[in-house]
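TrEMBL lists 26-49, 61-86, 164-184, 196-215, 222-242, 262-279 with the feature transmembrane segment.
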Amino acid sequence: MCLEQFQLQNFKFAYKNGKDFATSPWLPLPAVCAYRILVALYCFSWVIYSIINDNTWKWLIFLTDCTFLCVTAYFICSAATSVFVWTRLTRQRVNILERTGQQIPESSSGSHDATARHSSIYRQSNTLAEQGYGACEDFHQGGFVTFNASEVECRQSWYLKVTWLLYAIAANNSILITAVFWTLLYNGYGVGEPDIAFHMLNSVFMLGETFLSSIPVQLLHVVYAALYASVYCLFTVLYWFLGGRGVFGNRYIYPILDYSKPGEAVVMIVLYGFVGLPLKRKILHVSRLSKQPGLENKD
């Protein structure tokens with residue numbers, strides 16, 4: 001299994017069935033839609049509040065804020081995907097019931113008629129599946145046709161690849177940002193609601209999404225999280241070199257990235273990008289497989 005993860009194809013955003021980006025192995029599809037929409041609205045409201053409250057373009061110079069934007073964008077995209085699949089499933093369910101209703105004659109009560117009706121539904125649903133209604137699996141219980149959302153087949157479109165990229169960036173960096181903030185940056189001042197949202201709930205949301213949803217977790221996608229962090233580090237170097245100032249007038253954005261002390265800054269960058277991200281990704285990957293074994297082998 002380990003060697004299979006280190007293949008060139010696993011760098012790509014290619015996956016057999018896009019329905020895993022919309023569903024959960026633990027929750028019904030409507031519940032997934034609900035919690036993703038709620039989280040998306042919560043995160044989006046904090047983004048708007050922070051921009052208005054700070055009243056400065058420097059809001060975007062912080063890795064915390066940029067990553068929270070990625071978290072917000074991810075939940076917006078994933079919520080839209082879940083709603084789309086749910087709508088599609090509901091529409092197909094209605095279509096199948098309408099078609100079976102037109103073709104099945106009314107039957108009187110009785111065990112023989114009920115059995116005949118059950119058999120008729122089974123045969124006709126198989127015929128409908130051959131006609132293109134096979135996007136969801138039928139379960140025939142007492143003459144009724146119900147549907148399993150986990151069997152909805154969706155081709156992976158470009159927006160699912162964007163969603164997957166946002167997940168790779170947000171899930172990996174959010175947890176490290178939380179760890180760095182509370183261990184190296186927090187100096188004991190009063191904790192406000194923004195600190196809870198941007199430095200705690202960001203990780204809670206992404207961890208919850210990882211273990212509640214069926215989104216595939218590729219080990220090698222840590223490369224994109226590292227690339228994102230590298231671009232930010234390059235930005236901080238240029239910002240410092242060109243004389244940029246932090247919100248309090250300092251020559252650095254974060255004290256741990258003070259390039260007037262290059263040795264300390266380089267150590268932090270190396271620890272974050274070459275130790276923290278890979279280690280965190282591996283732990284997340286192993287934990288995910290232990291909770292949902294076999295999920296990553298379906299591509």
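Note that Cβ sites are derived from N, Cα and C of the backbone, with glycine treated the same way.
Bear in mind that TrEMBL entries carry predicted annotations, made automatically and left uncurated.
The transmembrane segment (61-86) makes contact with the transmembrane segment (196-215), as judged by at least three Cβ pairs under 8 Å among residues 6 or more apart in sequence. Counting same-chain residues at least six beyond the ends of the transmembrane segment (222-242), those with a Cβ under 8 angstroms from any Cβ of the stretch are 11, 61, 63, 66, 70, 165, 168-169, 171-173, 251-254, 257, 259, 269, 272-273, 277-278, 281.
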